[in-house]
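Annotation source TrEMBL lists transmembrane segment at B:6-26, B:38-56, B:62-81, B:93-113, B:160-179, B:185-208, B:220-236, B:271-292, B:298-320, B:332-349, B:355-376. Annotated domain 'Cation/H+ exchanger transmembrane' per TrEMBL: B:20-349, in sequence order.
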């Protein structure tokens, strides 16, 4: 079987997937409640899509395809409300955050579905250790080649998404000092990292995917855990580096930021702005900086080879995107992110709650209330 | 009997020896039959009791009884911590389930007991005891299997609520019995409510004081279990001295601590080693209070009560399953998981000894019911939780 055709469609559409945590409201540890939640949610129409994830204490929601930030935000809000209501009826807390701060991976139960059981058998403890929670954003592409162009042009902005979404400072009960510890877990997988530098879909499908497939290492695009990967059956590229933020409002803002960026990069592409493999020289370094220091990171510009504070780079990009956001109707989203740059990301909030409430449980409690929309 | 001839040295070693044998029985039953360990403890306690092999003297009213009270108080404290009263606000049908399963059981058991010719007061006491689902077996089995899910959560909540109802009704009826001359059932119910109110008040006081102490000492976590265990011990002695309900006080203590946001981590669940040791003692104590002569009577009544009680609990949980947000199958398993009753019932009886009612003598069949449920109840809970797919570890504990 070769790679399926890229189902190109309308450019700059967007869709969001969020992996969410299910927590016990007594001890605020993860709880294996996915089956019960899905049963209850299945009894009435859900405003979007909801499905199980690899362990029983995760649940994944996804939106429809949107072009408008307001409509995306509206749907995410409705899905959030439906989840919170179901959680209330079952005594289960739902919350965001890229990691659960003190769960023990050895105690997680693998969801009873063939694909998950297979992954568990192959990856062993990695599968359970992969109890981390990400936000994935899909952007629709007018053609497969456009998708590959955007995928590689975006690489320079990847640290922005890591820093803005970072919400996983704690792991196994300790502060890792990373703002996003989650991505370190993703890096443990053999097929993680970045996509190979190929700009034509034919080359990608035949030269790369075809060869990889014949090695027997992969069967489908799903087996790649890249930071950004093409999703041919949707006709999208999928950004996968974001931690699930603590609120759906921030998740929507991140998606709109990506949409506006893609609009700008598309225009640059049409004007003949090239992308080059050398852009990846500093990729892993910048990625590390963003994971470790969040908005306080220092980036190296891939072309100018000079250092610049990530915070300044985000603010400059937000200013640059203003006309694009005005056209797309997402100026409000950029305002949300400007406030994040000023007042700190969710990793900072979590650390603050940890200090105020005197513990990990109080911190998760605050995260559950934040997801409900009770505060922040 | 036969062991008595060995004389005093052995008598002093009776309890430690019984604990050792019970532990061995628990491990054996868990390893070879995949049954809950507590069944082994109960079986050992019954076999070694004064009425049977005679290693253990009748423990009721001895200092061992106080230790058993302490043990069950620790369990109720932990249960209280896991009770989320907000859940009832968000899920009214769960509250309805609780009322129907508890009072439905009361009514059907009362009818069956009267049908078997029991006098009204003993029948009422039996019905009150039958309402309760022993939280000891429920919590122990759930912790041993690392359970999480709706059946587990609902079992623990319903068990806590029906124990409160059982204490309320039992105390009212017992009070009425003792004070028949002093007025009707209504005044007795009032005095029972007062006992419950004061017991809850004492528990709440502890629930405020201990976390404050803990916060003053240092930030929560770590060794918190020690201070909670000491506080529970103090609570039990205090309520005993004042003849209030240690069971309720401990439950409310845990509940209030929950709202002060101090909660044990998974590792501390069941009070660790202390909890495991005291659980053995508790089950041995409970079944050692039973004698063969009590058990041999009233098999018909015991069997009938066992059947209608189970049907009623399962029926109520199934009836409101859909409305309260789970499937009927999980509803039925919740009802089944509520089967245990014995340890709580025995301790409730033990704590009302000062009223001078020998309920076992009055209710032929209670002995067999209690023994049967002490052995079968934990098995029912264990099977229900495994069938519901909520066990993290599938071995017998």
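Backbone N, Cα and C atoms are what each Cβ position is placed from, and that goes for glycine too.
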Q.
So if I exclude everything within five residues of the ends of the transmembrane segment (B:332-349), which remaining residues of that chain have a CB under 8 angstroms from its CBs? That is, six or more out.
A. 42, 68-69, 72, 101, 129-130, 132-138, 150-152, 154-155, 158-159, 162-163, 166-167, 170, 247, 282-283, 286-287, 289, 309-310, 313-318, 321, 326, 359-360, 369-371, 373-374, 376-378, 380-381, 383-385, 387-388
Q: Take the transmembrane segment (B:355-376) and find every residue of the same chain, 6 or more past its ends, with a Cβ under 8 Å from one of its Cβ atoms.
A: 39, 42-43, 46, 113, 116, 118-119, 121-123, 125-126, 129, 174-175, 177-178, 283, 286-287, 290-291, 294-302, 305-306, 339-343, 345-346, 349
Q.
Under 8 Å between C-beta atoms and at least six residues away from its ends: which parts of the chain pack against the transmembrane segment (B:185-208)?
A. 80, 164, 167-169, 171-173, 175-176, 179, 231, 234-235, 238-239, 242, 244-246, 248-257, 259-260
Q. Where, among B:38-56, B:62-81, B:93-113, B:298-320, do we find the most CB pairs under 8 A to the transmembrane segment (B:271-292)?
A. B:38-56
**Q.** the transmembrane segment (B:93-113) versus listed stretches B:38-56, B:62-81, B:298-320: most Cβ pairs under 8 Å
**A.** B:298-320
Q. What else in the chain is close to the transmembrane segment (B:38-56), if you only count residues 6 or more beyond its ends and a Cβ gap under 8 Å?
A. 1-4, 10, 14-15, 17-18, 21-30, 136-137, 140-141, 279-280, 283-294, 342, 371, 374-375, 378-379
